[in-house]
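Q: Can you keep this structure in mind? I'll have questions shortly.
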Amino acid sequence: MPPGPDMTLELACGQAPVCGVDEAGRGPWAGPVSAGAVILDPDRIPKGLNDSKKLSAKARAALEEEIKDVAISWCVGLASIEEIAQLNILHAAGLAMRRAVEGLAVTPAFALVDGNYAFKLPCPVKTVIKGDSLSCSIAAASILAKEARDRIMIEADALYPGYGFAGHKGYHAKVHVEGLRRLGPSPIHRLGWAPVKAALAAAAVNGELDL
């Protein structure tokens, strides 16, 4: 098993404090995109940190609580479906990241950002491919971003039943396609996305929509 993330990249920045930044929700067909920004205390690193996608829901929930308790500062930023439509998903993710960093109680000297795109943030940026598997700060940010977005989608399931948002969180799933074909788009669907268009087009042809 490969080793988990550590603080090597944070220390290599040569400046402090360093925040980790990561997003959640670039791929779904519905809901906002979220981003977490976390400045960890090097002396209080939660055990078990890793890429949020590699953790169980129970582990993520426990780590989210611990991260918020021990971090020097943390914040989650969002970009709405309207902003996604206006800016495109890449730049909307960057907007969510900027909001997360700007919301920190402590101004970071440096930001480690997951991926290979250097978004414009309120501090110098270093991109890290697969950063959520390498950097504790990025891993922590990925957990906060995912947990925050998952809660939004669970709430959306109660507001807009029939799509299965609580289960798939807006991603591709059979129940999601069936809901779109039967009900049409909800107010939180990303209407410009090809899978949404395709499901609606198929429903129109087959007369499946409950209008």
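Placed from the backbone N, Cα and C atoms, the Cβ positions cover glycine too.
Sharing the features that Swiss-Prot gives for it:
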DOMAIN    16-205  domain 'RNase H type-2'
BINDING   Asp22, Glu23, Asp114  divalent metal cation binding site
Q: At a 10 Å cut-off from the C-beta of Asp114 (divalent metal cation binding site), count the other C-beta atoms across all protein chains.
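A: The answer is 27.
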Q: Count the other Cβ atoms sitting within 10 Å of the Cβ of Asp22 (divalent metal cation binding site), across every protein chain shown.
A: 32
Q: Once the chains shown are all counted, how many other Cβ atoms turn up within 10 Å of the Cβ of Glu23 (divalent metal cation binding site)?
A: 28
Q: Please list, in sequence order, every residue of the chain apart from Asp22, Glu23, Asp114 whose Cβ lies within 8 Å of the Cβ centroid of the divalent metal cation site.
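A: Counting only non-site residues, the set is Val21, Ala24, Ala35, Gly36, Ala93, Met97, Val113, Gly115, Gly131, Asp132, Ile138, Ala141, Ser142, Ala145.
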